[in-house]
Amino acid sequence: MGHSPSRHNACGGGGGDGESPPSPLPSRFERFRRRLRLRHRDRAGRPGGDAHASESGTGRAIAVDEFAGIARIRIVKEKKVVVETNGPHIARISVFETNRFSKNTLVGYCEVDLFELLTKDLDEHSEVLSLLDPSSSATIVGSISISCYIEDPVETEQSFARRVLAIVDYNEDGELSLSEFSDLMKAFGNKLAVAKIEELFRQADKNGDGIVDMDELAALLANQQEKEPLISNCPVCGEILGKHDKINDMIHMTLCFDEGTGNQIMTGGFLTDKQASYGWMFKLSEWAHFSSYDVGLHSGSTASHILVFDRRTKRLVEEVIDGKIVLSMRALYQSKVGLTLIDTGVKDLLKNLSEKQGKKMSSPESAKDIPKFLELFKDQINLDEVKDPLESFKTFNEFFVRQLKPGARPIACYEQDTIATCAADSRLMTFSSVDESTRLWIKGRKFSIEGLLGKDVHSDALCNGSLVIFRLAPQDYHRFHVPVSGTLEKFVEIPGCLYTVNPIAVNSKYCNVFTENKRVVSIISTSEFGKVAFVAIGATMVGSIEFLKEEGDYVHKGDEFGYFAFGGSTVICVFEKDAIEFDADLLANSARSLETLVSVGMRLGVSTRNRDLQPQELEKCSLE
């Protein structure tokens with residue numbers, strides 16, 4: 001049902017005795033369109049008309065006779081994704097809202113397992129997925145329809161040939177002349193191919209018309225690569241090809257062609273929500289050379305954002321820092337001038353500021369800041385996990401040290417004490433030795449295990465051991481848990497400063513964050529790992545470090561151990577030399593100076609001393 005558009009009489013206007021029949025009344029739809037045209041004309045001729053119309057339009061409810069219907073918009077967007085057998089297969093689709101006040105605000109998202117989706121027959125119908133509220137995964141804000149299929153290798157080759165052809169298609173006619181073909185062969189870096197360019201051109205030109213089109217080039221590349229590879233080097237980055245098969249070479253070059261253009265047809269690495277919304281592409285796959293994009297170490301000290309790898313979703317996540325804060329932290333922590341300021345009183349200033357802020361966040365007035373905080377991190381705090389209702393928190397600090405519902409953080413291999421687990425919701429770095437940590441991450445000139453643990457907790461086994469760093473951000477769950485089962489031997493409180501634990505400071509050679517900050521060192525004596533040092537380190541704005549266990553207590557891995565009051569903070573666990581084998585994915589990310597986003601209870605590593613589990617059993621209890 002609906003209103004049919006009115007039909008006007010098409011007769012010419014001539015004299016006549018009879019009156020012309022009256023025109024039918026315009027439909028509601030036509031009246032609505034007419035008003036839109038008039039408004040558009042008025043706005044076009046009136047300065048500031050848009051603002052006026054917007055203001056008046058939102059100031060009143062719509063009248064019944066003005067309602068024409070609800071526009072249903074269908075957006076079709078195709079994205080090609082490289083799927084590896086043992087690689088990432090969870091795709092995240094994010095919906096952003098953009099207006100004059102807020103740019104690219106995440107309003108909904110969904111996640112889909114591509115492996116699961118590809119096993120379904122979606123040729124005749126699409127899969128409808130629910131869009132979830134970023135602040136509460138239990139709330140549905142909309143739906144999205146997607147379809148997915150495996151691209152035929154021939155289609156992949158043709159698509160690749162089209163991209164390659166565009167490099168030297170100077171007149172943009174979709175075809176290659178002999179001179180353009182010659183330039184393409186030279187770009188491929190194959191000396192043998194250059195010597196017989198004309199022969200290859202004739203071989204490609206199947207119909208003998210003196211030009212090579214896209215289909216002919218695709219056929220040449222496909223056939224010749226099997227016999228005598230034409231492409232020795234990537235024409236974009238110069239990397240040597242042929243290490244794998246031709247499909248991997250094609251994927252590598254396609255990613256190179258796409259990078260930075262904002263016109264990506266294929267994704268082989270990982271995008272953050274922010275990067276995807278801006279159309280950025282960063283190469284972080286096995287087909288790309290990692291040196292082309294610096295993560296962690298360099299970007300952490302020079303950029304206004306930090307990239308971390310989400311272990312659960314296998315995605316990069318962008319941790320954005322306010323630009324003004326970045327500038328101030330660089331000035332303070334990454335310059336000799338800043339070092340001078342630190343030595344002349346900034347240490348005391350930061351400490352006093354943190355103490356005052358801690359008191360403020362424990363006052364009843366601070367409760368009003370909770371909604372603002374949730375709005376700021378609405379896509380990173382899941383309120384469904386919080387144990388107590390939001391209205392029960394009487395101060396900001398009560399909310400900040402909130403407890404989670406039972407089962408919100410399952411513990412990997414709970415009955416197996418040979419498996420260590422993550423101690424905090426955090427960004428994690430693992431290192432097999434102190435030398436590795438200082439080479440890849442910690443740039444303070446005076447960092448050492450002895451300095452970290454203090455003179456009262458000295459052990460040669462620990463000093464030569466391995467370490468893991470858990471960095472907590474303000475939006476994280478701020479209670480820390482026991483990573484291994486054992487007996488608590490001692491607690492040693494070490495006074496100190498309250499520098500930030502942000503990578504901008506950690507990566508600085510001018511200050512020694514971990515060995516100068518206020519911290520509490522506890523020793524856990526275990527049968528599986530020997531002695532493990534658990535170091536809770538305060539940071540800027542951290543009012544206090546509270547422990548819930550005492551000396552002599554036996555603790556089981558996953559037990560709640562303590563919490564940090566308001567601010568960012570860090571936990572460092574030091575294991576004896578060769579006592580633990582960290583999980584391979586954590587070590588691989590750390591080797592690239594890339595932090596891994598983990599949750600309490602995720603697997604950290606396995607004891608090298610008492611291996612009660614077989615490798616296949618270890619896989620079963622892996623919690624990621």
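Any Cβ shown, glycine's included, is placed from N, Cα and C.
Worth saying up front: this structure is predicted, and the values here are computed from it rather than measured.
The annotation in Swiss-Prot ties D205, N207, D209 to Ca(2+) 2, and of the candidates under consideration, E199, E216, the one tied to the same site is E216. The average pLDDT computed over the domain 'C2' (16-129) stands at 60. Helix, strand and coil counts under DSSP for the domain 'EF-hand 1' (156-191) come to 24 helix, 2 strand, 10 coil. Less than 8 angstroms from the CB of E180 (Ca(2+) 1 binding site) sit V168, D169, Y170, each of them six or more residues away in the same chain. Among the recorded positions N207, D209, S569, the residue whose Cα lies closest in space to that of N171 (Ca(2+) 1 binding site) is D209. The Cβ centroid of D169, N171, D173, E175, E180 marks the Ca(2+) 1 site; residues of that chain outside this set whose Cβ lies within 8 Å of it are L165, V168, Y170, E172, G174, L176, S177, I211, given in sequence order. Neighbour density for D205 (Ca(2+) 2 binding site): within 10 A of its CB lie 19 other CB atoms from the protein chains shown. Within the same chain, residues at least six positions away from E175 (Ca(2+) 1 binding site) with a Cβ under 8 Å of its Cβ are D169, I211, V212, D213, M214. Counting other CB atoms no more than 10 Å from each candidate's CB, the recorded positions N171, N207, S569 peak at S569. E216 (Ca(2+) 2 binding site) carries a helical DSSP state (H, G or I).
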